[in-house]
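K.L.:
Below are the features I grabbed from TrEMBL:
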- 1-12: compositional bias 'Polar residues' (COMPBIAS)
- 26-35: compositional bias 'Polar residues' (COMPBIAS)
- 51-66: compositional bias 'Polar residues' (COMPBIAS)
- 114-123: compositional bias 'Low complexity' (COMPBIAS)
- 159-178: compositional bias 'Basic and acidic residues' (COMPBIAS)
- 311-322: compositional bias 'Low complexity' (COMPBIAS)
- 342-354: compositional bias 'Polar residues' (COMPBIAS)
- 1057-1067: compositional bias 'Low complexity' (COMPBIAS)
- 207-429: domain 'MATH' (DOMAIN)
- 1313-1348: domain 'RING-type' (DOMAIN)
- 1-178: region 'Disordered' (REGION)
- 304-358: region 'Disordered' (REGION)
- 1041-1078: region 'Disordered' (REGION)
Amino acid sequence: MSSSQNSASVLVQHSPPPPHTFTSPYNLEQETQHFIQPPVVPEPLPYEPVRSNSPQPEIEQPSSTPEMPDTPMVDAPAPAPTESEPQPLSETEQDQVPVAGEEPPPSAEDDVAPEPAAVPSEPQSTVVAEVPNQDIEILPPPPPDPRKGPPDWVLYEEDVSRPTPEEEEELKLRESRETELSALDVPSVEKRIYSDVEDPDMRPVKKLRLSWIIKGVRGTQDRPNYARVMISPPALVDGTYWQIKFYPRGNRASSYSAYIRCSKRPPDTEREIRGTSFSVFEGPPDANFGPGAVPSQTLRVEPAASKIERSSSTSSATSSASQKQDSPATPEAVNPDESDSQNEQVHEAQSAQATEEDWRVSAQLGVVMYNPEEPRTCAYTTSEHQFSRHTDDWGWSNVVGPWKTTHMRQHLQRAPLLQNDTIAIDAYIRIFDDPTKALWWRSSDGEPHWDSKTLAGYFPMGTPPLYHSPAVAGMTAWLLLAPFRKVLQSIDSGAWRRDSQVRPKPFIAQLQMILFLMRNMRKERESYVDLYPAIQALSELGEEFTDVKTFWEVFRRSIELELEGDSQALRELSAIFDGPNGPVAVPPLPVENVLDIQQTLGRSLRETKFRGTLPNFLPLMLARDKFDKTTREWKLLQDRVILNDELDLSEFVGDAEHAKYTLYGFMVHAGARNSGKFYAVLRPNGPNTMWLAFEDGDGNQVFSYSRKRLQSFEGLEGQALKDFNSTRSTAYMAMYIKTSCLGDYLPGNLEPYKLPNWLSYYLTSPLREAYDIFAKEASLAQSDEVQVEVYSDEGVIGREGLLDMYNIKQQSQHKGLFHILTSPRKSTYQDLRRQLARMLELETPEAIRLFLMGYGGIGNYATAQLVGVNLKDPVDEKITAGAPICLWMSVLKDKEDLEVFGEPDKPDVEAIVQQVETRSDTSVSESDVNSTEEPIAAPDAEQASVQAAVIADLARTSSGDPQPATVTVEINDQDTTMQLDVTTPTAEEPFSTDVPHGHLVDAAAHENVVAQNASRPATSALSAAEEAVITAVIAGDAGVGDIGMESGSETTDPLGSQSSESSSQSSSPPPEREERPVDNVYGFIQVFDLEKQMFHVEGTFFAKTDDKVREFLQKRLGYGVEKNFAAWRRQSTVDGTILGADETFRDAGFTNGSDIVVYEPASEAQIKKLEKEGKFTHPHDLSKYLRAVDRRHPIHSKTTAEPIELADFGTDYYKGPLVNGRFHGAHCLRISSAGNTYEGPLVCNVKSGKGGKMTYCNRDTYEGEWYLDERHGQGTFVEARTGNKYVGGFEHGKRWGMGTTYWQVADEQADLCQICYGNEIDALFFDCGHVCACVECAKQCDLCPICRKAVKQVVKMFRS
């Protein structure tokens, strides 16, 4: 529903607004919605729209349907997130200002409806539905109401007064100064309405003027005008219909309201307004519509000669389905069928609007209301708007008023605005060519965000929890490069599902899903492409990044690691980002005292004496930060550097054909230096196309910018740069593409791409239903046999380094402890185990424990995932066709372990079921024969029912049939209504107490092969009760365990329960069988060798889940009672936790495949020795380093003899050597983000040793001994403010022990205010925290005297 805004008229925006909104910066008040009951009107008569004289395309006129209610929309930009929603103005305040906005909903108090005629008091069977009409006439009045007279507005007397002599003199003075405006002075009106748009990309292309003279605004006493809104005929210009809407009694306001409507759909055929004149002027932007201008077409309609007959029924009931109507309902009462027909028409119109092709018209707007007999009595207002199918009207709720007094001449008016019940309205429209498709766009209910997919071809990119993430910016820029997409899309990320020797590619699979969503996301469900899963995958791998440059390094390296072995894909990737001879490193380009990118890049290449070929994709970092040694703080350099649209590097590149580069986009840094906020502004379709800002801050959106708008990101210059002392959004990296490659890199649209079908299961269900958008996998030939790969855990014993599911396979295969078996498809794991036992010459297959080796999700293999198998499951059950079957095997060699953890063979359930059924049938037959001789006792019959249920459950367990469902039976009774749950009794369900022999039999549950959280090994598929039944059947002893019940007084309970008391004899139950294996867990034991700085696998283990971990390890490793050791359980490849003394395997949440690291804690002397050598003393630190080595991290995996320099944007500066990826050396330089500078020894990233000097950001200095990043030992501290010096001992950062202080300023003098030197220092500057003045002086300071930062508040301190 439309809404109105209540604020003053505003000037037109010269350029699109800042990146967080497209809307104008002025505030408009949003109105609340109201429902009305409008009066009824006669059926409208058709008329033709006013057409322009310019050539128009052929437009097929649709059938006449009621116009859709206008799309809901606000009149103004949404307020900033931190601001509260403004409240509507009062009616008095509304009268004072004209308000630009979309037409708000009608209000009941503003609509004066005629009184209904007296009708018989009887039930009304019909409802008059309000039909949304566009053009209405001045309606004849309804039959007079004997209780009331005509409405007030027709009783106002005409004002025939003339200006007083004083007014005449003032008017003559205005006329001589040419300050009096006449509505017919079109050039003067245009100067006031149209303002210049200082953007060369935004050019006016056409100008319109709609002139409408309305007679009978209020009507007469005989024919009052009850119309709520009066709408002009439509003017068709360039395929667009333009109309004026006029509210003679205001639209939720006490003033005249006027709106301009623009639509691509022809309006409904309506009756013309009697006594009206409508003219259309159109032409180029410089056309003169003043005196002498000829309208393209004029429509005149004289007042009707006779009244229109109308029905006596004046029911004004309205339909609640339409909240925003342009005209009252028709006066004739309609029957329900007609009302349904109208609703159907409205629904059809809504459907037509939903499927309407998107269109945009950006225009400057203005409305002039004036007296046509005295045009110098006029009022005007202006605005601007982008019309679309979502917001097709825009205007003002308060143009001039109050409407109740417009018939009266006001001060300095020559005549009343409304004279002879006639008023004129001129609408001024200047249409702009908007290449951004976003000029003057505003949010609406139909389009809360700018529709980037429809208008530009790209969805927004972002994440739910992050804000301006550098990962989103970097990933977006690369994924919009066609060659990069093609490399990712060509990778077979699911090859590991067919070949166990192929390393999975989970990260590439994530990127492939993102590429798929970039094309096929459902706009009605999701508003952006979620990149968080890919970013989270990098985080779980231990990768870190601080800006776009560091993210690109992580991003590319992660892809290349998964492409290892695919030389073709690696070459294609290198061709995008590297030169012919490998990577090309261009240092950050200076921004001070340079004009543009061309100049600063040329200087840099000359200094490095570069000659060669640059890569096709050329990112250029700008040196936007610098450490100021005077103020001792990092500064952001906001100097303007023009982003050249094209670079000519022929001076440095020999081949002239490849020497030119075209601007692709740039990265924007927002906020402070270390804010970590970045986003990308790109031109993904190439030159002369739209510039799109992919914003993931304050909502994930895409904004369209003009080239002039981009200049605000280039920086500041001149006096603006000198005066600037805050933060802003500035380009810190420019991206160029070789001009000769533009066609391949930026083809203009996203090419079609079908996601591999196996990844569709990781998408939302609506997308999975569209089968045609997924690539079908080739079906493999089915065979009666399957190939099973078995890996022995003995192969991993002694392995060094970290463990994952892939490398333990490779390790076992390398040692030859790897078996490939061929097995019938329907054979079970139990059969397979027997085959392995024969192959390994084991006495019993119970010694073999098997686990399924599974990858997580889309192929994650970072941690081992082992799932116990059910011995009775077929080997190919729940395995994808063609997928390899990989088993991990562990052999129990210790007799004690075999008795506890060995898993015995399971009996053949199907054979037993057949035997039971046969014997049961025989028993039943015998019972039938003897039924005539002796009836079966009731307990025996119940027992037979129980046994039948057991047999049925066993059969269902073996066949895999589903359990019986509950059947709801309704009993319809006049007195009682109930529902009975009738369920077929099974052996799994407890029977009521009336059944003395009820039992619970667990069905065999098949485990999910790919279960990620399987924390317990597979146990017997049968419960103890079932095994008892089976044992009894096998025994075949009728006196012990015969299931079939014989007739007679003697009963037998084969399930081990007590016999009935009425029985004279009772059969002894079978002996209980101990369940094996016990609840246990399987895992690996690694030892952390401090000397070798490595992990190695000591062995594997089975343990009861209730065992205490440390006690178990002590026994397992043969440690003595006094042995001091630590146990560390891995929770991921790197992270882990120390296990407590009383913690059990169950408490710690161990699962199969868990890894325990055991090590002896180092002494303090050992720790110092190892740290001095740059070695690790904790398994977490070593794990982190080993993973960095595995992932080939360029910094954290290196050891260098020569110093290196690290100066990434927004981070600390470091210059010095690396040892095992850490800052370690005798001569290091480190500058923190806070401005503290340290020169001296670093030990494993921390300050330790002698001779280290720290210069703090407040210029205090300390030089001496350090330990664990603190002043510790002997040193010298000098206070910069006073010059006082302390020489002596320090301990843990504080002065300690003996020392000498050399005073330059005494304590008493130092305590004095550094400004007045009269009062003591008792003020703290907030928020910098400096203390140097008294409260009286501090209150007079706008800037802190020490750091020169703005003082937000002065806090008084009190000395204790």
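Positions of Cβ are set from backbone N, Cα and C atoms, glycine also.
Where in this structure would I find these features, and how exposed are they?
P.N.:
Look at the domain 'RING-type' (1313-1348): DSSP puts its residues at 4 helix, 7 strand, 25 coil.
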K.L.:
In the same chain, which residue numbers or ranges, 6 or more beyond the ends of the domain 'RING-type' (1313-1348), come under 8 angstroms Cβ to Cβ?
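P.N.:
Sequence-remote neighbours of the domain 'RING-type' (1313-1348) are 631, 633, 1258, 1281, 1354-1359.
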K.L.:
Checking distant contacts: for the compositional bias 'Basic and acidic residues' (159-178), what same-chain residues at least six beyond its ends satisfy Cβ-Cβ under 8 A?
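P.N.:
407-409, 411-414, 416, 419.
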K.L.:
Mean pLDDT across the domain 'RING-type' (1313-1348), rounded to an integer, is what?
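P.N.:
On average, pLDDT over the domain 'RING-type' (1313-1348) sits at 89.
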K.L.:
DSSP helix, strand and coil counts for the compositional bias 'Basic and acidic residues' (159-178)?
P.N.:
13 helix, 0 strand, 7 coil
